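The feature domain 'Dihydrodipicolinate reductase N-terminal' is assigned by TrEMBL to 3-125. Annotation comment: TrEMBL describes Arg54 as NADP(+) binding site. If you look up TrEMBL, you'll see His156 marked as active site, proton donor/acceptor. What TrEMBL lists as (S)-2,3,4,5-tetrahydrodipicolinate binding site is His157, Gly166, Thr167. For Lys160, the entry in TrEMBL reads active site, proton donor.
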Amino acid sequence: MTRIAIVGVAGRMGRTLVNAVEQQAGASLAGGIVEPGSSLAGADIGELAGVGKRGVVAVDSLAAIVDDFDVLIDFTAPQVTLANLAFCAEHGKRIVIGTTGMSDDELAELDSYRDKVAMVFAPNMSVGVNLTLKLLETAAKALGDEGYDIEVIEAHHRHKVDAPSGTAIKMGEVVAESIGRTLKEHGVYERVGQCGPRTDKEIGFATVRAGDIVGEHTVMFATEGERIEITHKASSRMTFAKGAVRAARWVADKAHGRYDMQDVLGLE
Ligand code: NAD
């Protein structure tokens, strides 16, 4: 049985994760962490998640439950996640990280823990998106050098704080790597005013923020006469949460290292 604690347990993903842990055999709900000083500390995390009392109360520090869990699941914010990563490395815990929006420096700091802790880090934990990444690799290899323009379009709910989404960036990276390009050189994140015609090798990103959209991504390969669109639509956060719990169970017996969902799902 993998004992799982959830950071940000009162958040959108946190509450969904409580449900997801309960639904999976081999996983148990070992704790929930809310922001330091939060009035929700002491609340039953089952009640926070709307599934009824579960006898596990939210705490506002990881140290308070250090002996209770094996794997931490963290869907919060970059600086919070990095502090939790350090905690897990120090205390021999494993961690599943879904937080997006990290800067290059923050990503480098995260990566510096690869020899100190077993972590799964993925901007999108859904099985469907990770299969989509494989499809994109195949499409990019076949079309990328054949005069097809590549664009990534994503849409999310109005509360999302980072853009483009971590998933959109990951999709762009997979496509770019498959055809010998890089997003640093070829990524275009903004077009406004007299920006001129599109160049052949750029990979463009477009972002929509509206209402309650859970997450939609399309990668378009367009040329004269046809276009191919590979689309993934998430209709419930449960798809990310189930993937995260699967990752937590998978990483529970792994050696130190930085893994992603392709590793968890055996898609490499
Ligand atoms: P949210 O704002 O609803 O939840 C974040 C929670 O973290 C909040 O409840 C907040 O109180 C809590 N928090 C902040 N600081 C904390 C601290 N120091 N200790 C404990 N808790 C703290 O956001 P969300 O929609 O749940 O998304 C969270 C993150 O997960 C974002 O980066 C989002 O992009 C990412 N996300 C990733 C995936 C994926 O599959 N990888 C899917 C959905 C969302």
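Glycine too: its Cβ is placed from the backbone N, Cα and C atoms.
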Close in space, distant in sequence - the residue listed as 'active site, proton donor/acceptor', Cβ under 8 Å, 6 or more apart: Ser165, Val208, Arg209, Ile213, Val214, Gly215, Glu216
Cβ neighbour count (within 10 Å, all chains shown) around Arg54 (NADP(+) binding site): 17
Residue counts (helix, strand, coil, in that order) that DSSP gives for the domain 'Dihydrodipicolinate reductase N-terminal' (3-125): 42 helix, 28 strand, 53 coil
Whole-number Å value for how far Arg54 (NADP(+) binding site) lies from the residue listed as 'active site, proton donor' (Cα to Cα): 29
Least Cβ-crowded entry, counting other Cβ within 10 Å, from the recorded positions listed as His157, Lys160: His157
Nonlocal neighbours by CB distance (under 8 Å) for Gly166 ((S)-2,3,4,5-tetrahydrodipicolinate binding site), same chain, sequence gap 6 or more: Thr100, Gly101, Pro123, Asn124
Rounded inter-Cα distance in Å - Arg54 (NADP(+) binding site), His157 ((S)-2,3,4,5-tetrahydrodipicolinate binding site): 30
Residues satisfying Cβ distance under 8 Å from Thr167 ((S)-2,3,4,5-tetrahydrodipicolinate binding site), sequence separation of at least 6: Thr100, Pro123, Asn124, Val129, Glu154, Gly215, His217
